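To keep things clear, I will list the structure first and then write my remarks on it.
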Amino acid sequence: MVQIGILHYMYVSIIIVILVMMIYKKDIVLPCLMGIGIIGFIATGNILNSVQIIYKALVVSAREFIEIIVIISLISAMSKSLRDIRADEFMIKPMEKFMVSPTLSFFILGFVMLAASWLIWPTPAVAFIGTIMVPSALKSGLPAIWVAAALNLFGNGIALSSDFFIQAAPSITSKALGLNNPFYLIRSSILLWAVMSISTIISSFIMMKRDVKKSLQVSLEEHKEVKTIPVKMPAKIAAVITTLMFIIDIFLIYKFKLKGSEAASLIGGTAVIITIMVSIIKYNFKSALAEVAVSIKDGFIFGMKVFAPIIIIGAFFFLGSKETAVEILGTGPGSTGILSDIGLYLSKNFPLNRISVIAMQSFISVLLGVGGSGFSGLPLIGTLAQVFSSTVNINREELAALGQVITIWVGGGTIIPWSLVPIAAVCDVQPFELAKRNIIPVVIGITCTIIAAVIFL
């Protein structure tokens, strides 16, 4: 029989504090660090051990995420190298000739952003394609606010919530869920991800067409022609080779059924080769010795900037999972996973059913996303899915996928104004206006996704 004590009550209390702080847009790194120390002291009754537990938790968390950090850093280094040589312009420019109407511009811009975001993540992708394709979209009659919406919904929404190629988001969720391979989570997420994506984009497209008909777009005369500078042959060569290498990667992934770390290793290695190749093309072998080091360093600065808080947040929530709790707390109280204990206790003493679990997972996912950083909530999403699946007969991968999709759509940068600043800046619109345009389609998408979860999970 599972016993619930002060350790469990304190852990839940700290989670509530963290959720409240996220709702009020406060950083949660400090409460997570303090929470680890408090839980460590309660579990061991020893101040020395509790201090050591803070370090152990961070090391365990960093070990779980190191693969993701490395691949994100290498891809960031590659995208910077391509941008420096202007190979990105040559890769994207051919799509502009098809952008002759608001409808075509909306979807072409969106799908190019989707592809780029799958390969290099949305933030680098905005810099990668925004300045090149936005002027053409505006010339076609697509209002600036809907140019921003297309970039945002397809990049920060559809691409980031799936993350099929880089697999950072599913890897974080999978680690907390107790899975070593994110492939199973990705496979389980496809239906809910598709429902969320399609319903949101259809809703947004209908709203865009209504705005265009009402002539809300800015006058086309106000958009200045952007002077184009011809791309040099070395950049064209780099662009073609880069495209071919990633096409080959995709073929090899499906041909040899590469999953998880195997697929990530192929992509990461390809990114390194492209970074080296571009540096040699732009400079020469001697100068490339220094330039490659600079690109890699910049990439890892970006990677650590993104994941440093996630390591700390994950360290706290890994205390709730039985797979990692024993490494952090030892064999004493809480070593079976604090949230796992609570889940078993609830299943024995309170009636939980499939619908109530889906509702709770969805509600908590929205709360986590409101903080404006969808990735910060993923460790808790995975842990909760594991706990709920132990109390109710429900697929844990699908439940975790539901939480991941909702959390990233909300917090990954579609309806939180301060997360919209990069795209808003590229399109010269206000972040709050973009958030207002996005909120109705995203709420419709979340509603449809929850309904689909109730029907199919």
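Each Cβ is built from the backbone N, Cα and C atoms, and glycine gets one as well.
Taken from TrEMBL, the feature transmembrane segment covers 6-24 (among others). Non-local neighbours of the transmembrane segment (6-24) in the same chain are 31-32, 35, 38-39, 42-43, 316, 319-320, 333-334, 338-339, 341-342, 345, 364, 367-368, 370-371, 376-377, 380; each lies 6+ residues outside the stretch with a CB under 8 Å from one of its CB atoms.
Annotation source TrEMBL lists transmembrane segment at 29-48 (among others).
Residues or ranges marked as transmembrane segment in TrEMBL: 54-77 (among others).
Feature annotation from TrEMBL assigns transmembrane segment to 98-121 (among others).
Annotation comment: TrEMBL describes 190-208 (among others) as transmembrane segment. Only residues 6 or more beyond the boundaries of the transmembrane segment (190-208), in the same chain, are considered here, and those with a CB under 8 A from a CB of the stretch are 102-103, 106, 110, 142-143, 146, 149, 153-154, 157-158, 161-162, 398, 401-402, 405-406, 409, 437-438, 440-442, 444-446, 448-449, 452-453, 456.
Residues 82, 85, 87-88, 90-91, 119, 263, 266-267, 270, 273-274, 277-278, 281 of the same chain sit 6 or more residues outside the transmembrane segment (237-254) yet have a Cβ under 8 Å from a Cβ within it. TrEMBL lists 237-254 (among others) with the feature transmembrane segment.
The transmembrane segment annotation in TrEMBL covers 266-285 (among others).
Long-range contacts of the transmembrane segment (300-319) within its own chain (CB-CB distance under 8 A, at least 6 residues past either end) are made by residues 11, 14, 18, 27-29, 32-33, 35-36, 39, 57-58, 60-62, 64-65, 68-70, 72-73, 76-77, 172, 175-176, 325, 328-329, 334, 337-338, 373, 375-376, 378-380, 383. According to TrEMBL, the feature transmembrane segment maps to 300-319 (among others).
The transmembrane segment annotation in TrEMBL covers 357-381 (among others).
Annotation comment: TrEMBL describes 401-427 (among others) as transmembrane segment.
Residues or ranges marked as transmembrane segment by TrEMBL: 439-456 (among others). Residues 153, 157, 191-192, 195-197, 199-201, 203-204, 207, 354-355, 358-359, 362, 366, 398, 402, 405-406, 409-410, 414-415 of the same chain lie 6+ residues outside the transmembrane segment (439-456) yet bring a C-beta within less than 8 angstroms of a C-beta in it.
Looking at which of 54-77, 98-121, 266-285, 401-427 has the most CB pairs under 8 Å to the transmembrane segment (29-48), the answer is the stretch 54-77.
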